[in-house]
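Written out below as structure tokens is the structure these notes cover.
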Amino acid sequence: MATPTPLREPTFLILTALARESMHGYGIISDVAALSGGRLALRPGTLYGALDRLTDEGLVERDHEEVVEGRLRRYYRLTETGRSVLTAETERLRRNVEAASQRLRARPAGTPAGGTSPGPLTLPGATARPILRPTGGPA
Amino acid sequence: MNQPNPAPEQAGSPLESRYRRLLRAYPGAYQADRGDEIVGTYLDTIEPGRRWPSPHDALDLLGAGLRERLRGYGALGLAAAFPLAATAALNTLIAVATFLLLQVEFEDPRFARLDPVGPVQTLGAVIWLGWLLVGLTATALPGSWTRTAAAGGLLLTVAVPPVAALIGQPGPPLFVLLPAAALGLATLALPSHPGWVARSLPLLTAGCITAASVAFSAAENGGNMFTSYSSTPELLAMAGGLMFTLVLLVGLGRALRADDTGLWATLLLATPAGLFGADQLSQAIWGTSGGGPTPAAFATTTGSILLAGAALLAAALAGQAARHRTVRRRVLDEACPTCGHRPEVTAEA
């Protein structure tokens with residue numbers, strides 16, 4: 001099954017969490033929360049559904065199991081395909097960030113921070129009266 | 001970053017049993033394979049002292065269980081169809097609410113021979129204003145807020161009629177309320193991250209219906225075609241048909257790109273669309289009594305529409321499951337032409 005690109009944020013963060021080492025469900029949930037600055041709180045039902053989908057797509061596979069204090073812990077790891085997809089997505093995002101950063105740095109000095117809008121469209125020689133006005137109301 | 005278990009005392013607790021009961025939403029084979037793991041992870045994530053699964057946890061497990069069942073049928077498109085159906089349902093509700101407020105509720109109550117409720121004909125105005133508020137929420141606020149607002153709208157839709165009866169005030173008739181409640185139920189699946197189209201539609205819908213309503217009033221030049229709920233069944237049946245047709249067209253468009261989401265959404269909305277026509281259908285089949293169908297005829301027609309809608313969905317699911325099984329069996333039966341390798345047979349989810 002083909003992986004839709006660009007990856008959705010939860011998918012990207014699950015793959016990122018597994019990039020360093022194999023992890024069990026609780027570890028992935030904690031790591032995704034940390035990676036997103038606490039913004040993304042995955043619930044186990046959603047997480048295991050996503051892991052099943054990623055397993056079907058060949059991006060993730062089961063690693064090993066252990067029983068800790070009577071609870072089953074199953075570890076998951078990235079496959080080589082998963083690592084390639086994550087690398088490609090990271091590169092795509094990096095290029096986007098770089099392009100945006102360059103544009104922001106290229107802003108001419110003295111331009112208002114609120115934006116670089118050229119302002120209302122005016123006729124040549126008739127600068128006192130704008131043709132288009134930013135807000136509604138009688139002309 | 002594999003953290004230690006923060007709440008080992010929860011193992012074997014009543015809380016664990018309650019989470020296990022929620023696991024019944026999953027297929028049996030999946031429960032056997034993943035049940036311990038899912039419940040263990042839940043017990044890892046909860047704060048100490050909790051005795052019951054939170055409503056969010058329950059919804060998460062029930063939703064994930066439903067998706068897993070649909071995955072087993074090869075019908076994940078149905079799960080993906082809920083947000084689309086919810087968006088169509090909300091905009092239909094906004095259209096109906098705008099029209100009924102302008103053309104019925106704010107009309108002169110003498111037309112309907114009702115004792116008015118303040119400036120409006122019935123307490124139904126509260127329901128329609130509520131859905132317009134939900135539309136505003138969908139435009140301006142995050143998806144989770146909109147779902148909460150939609151739950152409030154649904155609550156208003158089902159609570160206002162008994163309240164109206166209790167305090168002796170007029171309320172809207174059942175042939176409007178039933179489809180509105182069915183659509184309201186669908187709106188609970190509104191998307192968490194709506195795109196700009198979904199955000200723009202409520203205002204666009206309300207604006208278009210307001211313009212059409214004003215134009216209609218001007219065209220009838222003081223006439224009184226729509227003056228009370230009893231003058232609207234034909235129009236409501238047309239609204240249901242229009243909603244169904246538009247979603248079907250979207251579904252066919254998506255089907256051309258091998259995406260069956262829109263067709264599943266059409267099936268989900270078939271029942272509410274049918275309910276919009278229940279009054280007209282009752283009259284066509286059973287005849288009229290005092291300008292409308294008898295309560296028994298209306299109840300029979302409504303029950304039949306609900307059963308037909310459920311049967312249609314069940315038949316589509318069964319057909320998809322049979323097709324999925326056939327494709328799966330064919331894949332498993334085929335050996336690699338080069339090495340003769342056959343795929344491993346895994347347990348059916």
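Every residue, even glycine, has its Cβ placed from backbone N, Cα and C.
Annotated features in TrEMBL:
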- B:76-102: transmembrane segment (TRANSMEM)
- B:122-141: transmembrane segment (TRANSMEM)
- B:148-167: transmembrane segment (TRANSMEM)
- B:173-190: transmembrane segment (TRANSMEM)
- B:197-216: transmembrane segment (TRANSMEM)
- B:236-256: transmembrane segment (TRANSMEM)
- B:263-286: transmembrane segment (TRANSMEM)
- B:298-319: transmembrane segment (TRANSMEM)
Original post:
Can at least 3 Cβ pairs under 8 A be found between the transmembrane segment (B:197-216) and the transmembrane segment (B:122-141), with each pair 6 or more apart in sequence?
Top reply: yes
Subject >> Selection from B:76-102, B:122-141, B:148-167, B:236-256, the stretch that has most Cβ pairs under 8 A to the transmembrane segment (B:173-190) >> reply: B:76-102
**OP:** Residue list, the transmembrane segment (B:76-102) vs rest of chain: Cβ under 8 Å, 6 or more residues beyond ends.
**Re:** 66-67, 70, 124-125, 127-129, 131-132, 134-135, 138, 150, 153, 172, 176, 180, 183-184, 186-191, 194, 198, 201-202, 205-206, 208-210, 213-214, 229, 232, 235-236, 239-240, 243, 246-247, 250, 259-265, 267-269, 272, 317
Original post:
Are there residues at least 6 beyond the ends of the transmembrane segment (B:236-256) whose Cβ is under 8 Å from a Cβ of it, and what are they?
Top reply: 84-85, 88, 92, 95-96, 99, 175-176, 179, 262-266, 269-270, 272-277, 279-280
